[in-house]
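Here is the structure we will look at, set down as structure tokens.
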């Protein structure tokens, strides 16, 4: 038995296919979803979506949104998403280093909040670009 997973951003369909299992980062922690999971709706955090397909784990960087699970259908609506295999690890690492520097030099509440969000996004992209062993 499988799940139908759709990951959508405002501009594109990032994923639309059957999967065996997922692990989703929510605002209250990670949840694992297998076939016949109880119906839920949840907020999605900036974090990694882990997808098991053909007994292999794939990663995707999610940038916050919502998910609806029910009847073996998972719909994830997010601000942005990137498949881990599409992320250049060196570019992601450089972006992380820039984000870390920006957090240190941020002044004022708004700058600090924006810099910390950029840092969370950069860390998520680095983590997603590293294959799961």
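Please read every residue number as a count from 1 along the shown chain.
The backbone N, Cα and C atoms fix where each Cβ goes, and this holds for glycine too.
According to TrEMBL:
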{"type": "DOMAIN", "residues": "3-81", "note": "domain 'ATP synthase F1 complex delta/epsilon subunit N-terminal'"}
{"type": "DOMAIN", "residues": "86-129", "note": "domain 'ATP synthase epsilon subunit C-terminal'"}
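Each residue in the domain 'ATP synthase F1 complex delta/epsilon subunit N-terminal' (3-81) gets a DSSP state, and the totals come to 0 helix, 60 strand, 19 coil. DSSP assignment over the domain 'ATP synthase epsilon subunit C-terminal' (86-129) gives 39 helix, 0 strand, 5 coil.
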